[in-house]
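Peer 1: One structure coming up, written as C-alpha cells, with questions to follow.
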Amino acid sequence: MARWLPRSADLTRFCQKLNRVKTLEDDMMETSFNRCLSTIDLTLLGIGGMVGSGLYVLTGTVAKEIAGPAVIVSFIIAGFASLLAALCYAEFGARVPKTGSAYMFTYVSVGEIWAFLIGWNVLLEYMIGGAAVARAWSGYLDSIFNHKIKNFTETHVGTWQVPFLARYPDFLAAAILLVATAFISFGAKVSSWLNHVFSAISMGVILFILIMGFVLAQPKNWSSQEGGFAPYGLSGIMAGTATCFYAFVGFDVIAASSEEARNPQQAVPRAIAFSLGLATGAYILVSVVLTLMVPWHTLDPDSALADAFYRRGYAWAGFLVAAGSICAMNTVLLSNLFSLPRIVYAMAEDGLFFQVFSRVHPRTQVPVVGIVVFGLLMALLALVFDLEALVQFLSIGTLLAYTFVAASIIVLRFQQQKADAPAPAAGGRPSPEPREGPSAGELKEYESFSDKLQLVDRDKSKEHREPGQLKAAFEPYLEFLSDFCPGEVVTVAVVTLMVSAICLCSILVFGNTHLHLPTWSYSLLLVLFSLGFLLSLLLIWAHEQQRGTRTFQIPLVPLSPALSIILNIYLMLKLSYMTWLRFAVWLLLGLLVYFGYGIWHSKENLREPRPQRVTARYVVFPSGSLEERGQAQPSPQPPAGLPDTDSEDCKR
C-alpha cells in the first residue's frame with residue numbers, strides 16, 4: 001500500500017511547480033499587438049472605465065441612504081484607498097508592459113496557480129460587469145420612452161417565472177453588446193476613437209452639471225435644519241467609503257492595455273494618475289453640487305441628478321443628464337469588452353487556457369476569437385439572466401486582484417533583477433560575487449589574527465548587497481537570517497503579513513457580532529494580530545530592495561502595498577456570505593480547468609530543464625590526496641501524461 005503513496009520529494013516538487021513564476025522575454029516591447037495607444041488614449045480608457053453609471057446613480061444612493069452630504073468625504077477616502085492599488089498597477093504596468101493586468105503581475109512574482117485563479121476571477125468579473133451595465137443601459141433608455149420597449153417585449157414574447165432568469169428577455173441589452181463587440185474587433189485604434197467620442201460627450205455633460213449645479217446651489221441644504229453635513233456620523237462616512245470604493249475599479253483597463261501602448265514605461269503610470277485624479281474630482285464635485293441643489297434626504301436614488309434639475313425647474317436638463325449617462329455606460333461597456341479578451345489572450349498565450357484564444361488577427365492585431373466568443377457570452381448573460389443577485393460578486397474578484405497585486409509588488413521589489421542575478425553554480429545555489437583583492441588561488445599573509453579580522457570586517461562593510469539580502473545595519477541583530485537565499489525571508493514575511501491581516505480584519509468585522517467575543521479577548525487578539533502585521537512589515541523593511549530602476553516605482557514600499565492589502569481584505573470580509581459561497585463555487589470550477597488543462601499545457605512546464613542525478617567519484621592522486629569529482633547523469637523521464645516537477649534550492 002505504501003508504494004502507491006506519493007513520496008515527500010514528489011509532493012515538494014509538485015508544490016513548487018504550482019508556484020513557479022513566468023519567465024519574461026529579454027525584449028518586453030516585442031509583441032504581436034499594435035502599439036498605437038498614446039497617454040491620452042489610455043487616460044480616456046481609464047476615465048471611461050471609472051466614470052460610468054455610478055456617477056449618475058451611486059452618488060445619490062450613498063448620499064440619501066448611507067452618508068448624507070458627507071458622501072464627499074467618503075469619495076475622498078475611497079479615492080485615496082484606490083490610489084494605493086492604482087500605484088501598484090502603475091509600477092507593474094511600467095515594468096512589465098504585457099497584457100493581462102493582475103493575472104500577469106501575479107504570474108511574474110507570486111506563482112502560476114495564484115495567477116490563474118486571479119485571471120479566472122477577473123474573467124467572470126468582466127463578463128458579469130459588462131452584462132449588468134448593458135441591462136442598466138437598456139433600462140435607462142427604456143425609461144426615457146415610458147417603458148414601451150419592456151411592455152412590447154412582455155406582450156409579444158412573454159415573461160418567465162424561473163429562478164435566476166430575468167422576467168423577460170432583454171433584446172436591447174444583448175444588441176448593444178453585439179454592436180460593441182463588432183467595433184472592438186476592428187482594432188485598438190477604432191476602439192480608442194469610439195471611446196474618445198463617448199468620453200468627450202460624457203465629460204461635456206459633467207461640465208454642464210457642475211456649472212449649472214453651482215449656479216443653483218443653496219448652502220442651507222447643508223445646515224442643521226436639513227440634518228447637517230454628516231447626519232449618519234463617522235460610521236456612515238466609512239460605510240459610504242466602502243460603497244464608493246467600487247466606483248474606481250475601472251483603472252485596471254490601462255494596465256491591461258499596456259502591451260498596446262507606444263511608450264508604456266511613461267504612458268501607463270501617467271494615464272493611471274491622470275484618470276484616477278479626474279475621476280475622483282468628478283465624483284467629489286458632482287456630490288457637492290447634488291447635495292447643494294436639493295436637500296439630501298429628498299433625493300431620488302434611481303435618478304438623483306435628473307430629478308434634482310427637474311425639481312429646480314429645469315426639466316429640459318434631464319435629457320442632457322440622460323444622454324450623459326448613456327454615453328458613460330457606453331464607455332464602461334467598451335472598457336469591459338476591451339480588457340476581457342486581452343486577459344484571456346494572456347492566459348492562453350501562457351498555455352493556462354485554451355490555445356484558440358491566443359490567436360491574433362493579422363490585420364487588426366487583436367485577439368478576435370476571444371472578443372467574439374466572450375462578447376457572445378456577455379450578450380447571452382444580458383439577454384436571459386437576472387444579474388442583480390450576481391452584481392455583488394464583482395466586488396470580491398476586484399478586491400482579490402488588488403490584494404495579490406499589492407503582495408506581488410513587495411515580492412518583486414525584494415527580488416534580484418534579471419540582469420543582476422548571479423549565475424547558479426553546480427548544485428543550484430548562486431555563485432558568490434567576485435570580490436576585489438587576491439584571487440582564489442593566491443595566498444595572503446597576515447601579520448596577526450587581529451589584522452585578519454579587521455580586513456574581513458572592512459571587506460564585509462564594502463560588500464555590495466543584492467535585493468532581498470539583509471541590510472548591513474540589521475545583520476548584528478538578525479544574523480541568523482543571513483543564511484537564507486535572497487528574497488526567501490521576504491516571501492515568508494509577506495505570507496505572514498497577509499495571514500495577520502486576515503486574522504486582524506476578521507476580529508474587527510466579526511469579533512463583536514458573529515463571534516461575540518468578550519472585551520478582554522477581543523482586545524488581546526487585536527493586539528496580537530496587529531503585532532504580527534507590524535513585525536512582518538518591519539522584517540520586510542530590514543532587507544534591501546531594488547533601487548535605481550528607470551521605470552516608475554511606488555513610494556514607501558512595503559508600507560503602501562501593506563495598507564492596500566489590509567484595506568482590501570477588510571472590504572472583502574464585509575461582503576455577504578452568499579457572495580463568498582458563489583466565489584467558492586467559481587474557484588472550484590477554476591481549479592478543475594487548471595488541473596484538467598492548464599498545468600499540462602503551461603509553457604513554463606516546457607521551459608523547465610530535466611533534473612539530473614549527480615554521482616560522486618573519488619580520485620586518489622600519487623601524492624595521497626583525495627579529490628571528489630561529480631558526473632551528471634540524465635534522470636529517467638517522467639511517466640507519460642505527468643507534468644515535469646523540477647525543483648530549485650533557491651527560489652527568487
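Cβ atoms are placed via backbone N, Cα and C, with glycine included.
Because the structure is a prediction, the values reported are computed rather than measured.
So TrEMBL says this about it:
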- 36-58: transmembrane segment (TRANSMEM)
- 70-90: transmembrane segment (TRANSMEM)
- 102-123: transmembrane segment (TRANSMEM)
- 171-190: transmembrane segment (TRANSMEM)
- 197-217: transmembrane segment (TRANSMEM)
- 229-251: transmembrane segment (TRANSMEM)
- 314-338: transmembrane segment (TRANSMEM)
- 366-385: transmembrane segment (TRANSMEM)
- 391-412: transmembrane segment (TRANSMEM)
- 421-430: compositional bias 'Low complexity' (COMPBIAS)
- 421-442: region 'Disordered' (REGION)
- 522-542: transmembrane segment (TRANSMEM)
- 552-602: domain 'Cationic amino acid transporter C-terminal' (DOMAIN)
- 554-573: transmembrane segment (TRANSMEM)
- 579-600: transmembrane segment (TRANSMEM)
- 625-652: region 'Disordered' (REGION)
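Looking at the shown structure, what environment does each listed feature sit in?
Peer 2: A Cβ distance under 8 Å defines the sequence-distant neighbours of the transmembrane segment (36-58), meaning residues of its chain 6+ beyond its ends; these are 133, 136-137, 140, 188-189, 192, 195-196, 198-199, 202-203, 206, 243-244, 246-254, 257, 260-263, 266-268, 270-272, 274-276, 278-279, 282-283, 286, 301-306, 321, 324-325, 328-329, 331-332, 334-336, 338-339.
Remote same-chain partners of the transmembrane segment (70-90), defined as residues 6 or more beyond its termini with a Cβ less than 8 Å from a stretch Cβ, comprise 59, 62-63, 101-102, 105, 229-232, 236-238, 240-241, 243-245, 247-249, 251-252, 254-255, 268-269, 272-273, 276, 280, 283-284, 287-288, 291, 402, 405-406, 408-409, 552, 554-555, 560-561, 563-564, 567-568.
Beyond the transmembrane segment (102-123), the same-chain residues lying 6 or more positions past its ends with a Cβ under 8 Å from any Cβ of the stretch are 17-22, 24, 89, 92, 96, 252, 255, 340, 343-344, 346-347, 350, 352-353, 396-397, 400-402, 404-405, 407-409, 411-412, 415, 583, 586-587, 590-591, 593-594, 598-599, 602, 604.
Within its own chain, the transmembrane segment (314-338) is flanked in space by residues 45, 47-49, 51-53, 55-56, 126, 129-130, 133-134, 136-137, 140-141, 144, 176-177, 180-181, 183-184, 188, 191, 194-195, 198-199, 201-202, 204-206, 208-209, 212, 216, 250, 253, 256-257, 303, 305-307, 371, 374-375, 378, which lie at least six positions past its ends and keep a Cβ under 8 Å from the stretch.
Long-range Cβ contacts of the transmembrane segment (522-542) within its own chain (Cβ-Cβ under 8 Å, at least 6 residues beyond either end) map to 410, 414, 470-471, 474, 478, 489-490, 493-494, 496-497, 499-501, 503-504, 507-508, 511-512, 558-559, 562, 566.
Here the domain 'Cationic amino acid transporter C-terminal' (552-602) has a mean pLDDT of 91 out of 100.
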Peer 1: With an 8 Å cut-off on Cβ pairs and a sequence gap of 6 or more, do the transmembrane segment (391-412) and the transmembrane segment (366-385) reach 3 or more such pairs?
Peer 2: no
Peer 1: In the same chain, which residue numbers or ranges, 6 or more beyond the ends of the transmembrane segment (171-190), come under 8 angstroms Cβ to Cβ?
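Peer 2: Distant Cβ neighbours of the transmembrane segment (171-190) are 33-34, 36-37, 130-131, 134-135, 137-138, 141-142, 149, 153, 257, 260, 330, 333-334, 337-338, 341, 361, 364-366, 368, 371-372, 375-376, 378-380, 382-383.
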Peer 1: Please list, for the domain 'Cationic amino acid transporter C-terminal' (552-602), how many residues fall into helix, strand and coil according to DSSP.
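Peer 2: Breakdown, helix to coil: 40 helix, 0 strand, 11 coil.
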